[in-house]
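S.K.: For reference, TrEMBL lists these features for the protein:
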- 39-287: domain 'G-protein coupled receptors family 1 profile' (DOMAIN)
- 26-48: transmembrane segment (TRANSMEM)
- 57-76: transmembrane segment (TRANSMEM)
- 96-118: transmembrane segment (TRANSMEM)
- 139-166: transmembrane segment (TRANSMEM)
- 191-219: transmembrane segment (TRANSMEM)
- 240-258: transmembrane segment (TRANSMEM)
- 270-289: transmembrane segment (TRANSMEM)
Amino acid sequence: MANKTISFTLVLSGLSDLPSLQFPLFLVFLLVYLMTLTGNLLIVLLIFTDSHLQTPMYFFLGTLACLDIGYSSVTMPRMLFDFHIQKRFISIQACITQIFFFLLFAMSEIALLAVMSYDRYVAICCPLLYTQIMHWKACVLLVLGVLMVSVVYSLVHVLLLLKLIFCSLNPLQSFFCDLPQLLLVSCSDTFINVLLILILVIFLGGGIFALTFCPYIIILNTIMKMSKAMRSKAFSTCSSHLTIVFIFYGTCLFSYFHPNAKDNSAVDKVSSVCYTILTPLVNPLIYSLRNKEMKMSLKRAFCRL
C-alpha cells in the first residue's frame with residue numbers, strides 16, 4: 001500500500017486547457033511574479049537599510065514581505081512551468097510538499113496580521129508604554145511564535161495526508177495542490193482529515209480572526225477621542241494594515257465558502273488566483289502608496305542612487 005502511494009502521480013487541471021492561451025497566460029503571470037518579487041524585496045531592502053524604518057511596525061512589515069515572497073513562490077514557479085506542458089503530472093510527494101509550504105506561509109501570514117493588529121493597538125492605545133512592550137526581543141519572539149504555530153499546523157495536516165491512499169484518476173481542479181482538492185481524490189477515509197480542518201478553522205482560525213479584529217474595536221474608540229490631527233495620523237497607520245487584512249480574508253473566504261465552492265468552475269480558479277497570486281503583489285503596493293514614511297524612504301533611496 002505504501003509503495004502504491006509513493007509511486008502514484010496526480011494531474012493538475014491548470015488555469016486553462018486552451019493551447020492559444022498558454023503562452024499569453026505564461027507572460028502575464030511571469031510579469032506578475034517578477035513584480036511580486038521586486039516589490040516585496042524592495043520593501044525588505046528599504047526597511048533593512050533605512051534607519052527611519054527600523055521600528056517594530058516596519059519589522060513586522062518586512063516579515064510580511066518575506067512571507068509574501070515565500071507564499072507566491074510555492075505556487076507560481078510550478079504554475080509557470082505547467083503552461084509549457086500538456087499533461088500536468090505531479091507526484092504525491094511533491095503535492096504534499098507543496099501543501100506543507102503553502103499552509104506554512106498562509107498560516108504565518110494570517111497569524112502575523114494578528115500580531116500587527118496588536119502592534120497597532122499598543123501604539124495607539126498605550127503610546128507611553130509602546131517602547132517597553134514592543135521592544136526588539138518581544139518582536140522577535142512574536143515572529144518566532146508565529147512561525148512555530150504555523151509549522152505545527154502544517155505538519156499536523158501533512159502527517160495525516162501521508163496515511164492516505166490516492167487512487168482517483170480525476171485531476172485536481174486547481175493550478176496547485178490545494179488541501180481540499182487533494183482530499184477529494186483520495187480513496188481512503190478522509191473523515192479525520194476533514195474533522196481536523198473544521199476543528200482548526202473554528203478554534204485556531206477563529207481565535208486568530210478575533211485577535212486580528214478585536215483590537216480595532218478599542219483602537220476605533222480611542223481614535224474617536226483624539227484631536228483631528230492625531231486622528232488623521234492614527235487612521236493612516238491603520239488603513240494600510242486593514243486594507244491588507246480585508247483583501248486576504250475576503251479572497252480566502254470567498255474561495256472556500258462561496259455558494260459554488262464545491263463545483264468545478266472557473267470561479268474557483270479565479271478566486272484562487274486572487275488570494276494566492278494577487279495578494280502578495282498588492283501588499284507592497286498598498287504599503288508603498290498609502291504609507292508616507294515608506295514613500296519618503298523610497299525617495300531617499302532614489303536620491304542616493
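Keep in mind that glycine also has a Cβ here, set from the backbone N, Cα and C atoms.
Please treat TrEMBL annotations as automatic predictions, because they have not gone through curation.
These numbers come from a predicted model, not from an experiment.
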S.K.: Which range wins on Cβ pairs under 8 Å with the transmembrane segment (96-118): 26-48, 57-76, 139-166, 270-289?
M.R.: 139-166
S.K.: Residues sitting near the transmembrane segment (270-289): Cβ under 8 Å, six or more positions beyond its termini, same chain?
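M.R.: Hits for the transmembrane segment (270-289): 15, 29, 32-33, 35-36, 39-40, 42-43, 61, 64-65, 68-69, 71-72, 75-76, 102, 174-176, 178, 240, 243-244, 247-248, 251-252, 254-255, 258, 295, 298.
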S.K.: Residues of the same chain, at least six outside the transmembrane segment (57-76), with any C-beta under 8 angstroms of its C-beta?
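M.R.: For the transmembrane segment (57-76), the list is 29, 32-33, 36-37, 40-41, 43-44, 47-48, 98, 101-102, 105-106, 108-109, 112-113, 115-116, 119-120, 123, 136, 139, 143, 175-176, 237, 244, 276-277, 279-281, 283-284, 287, 293.
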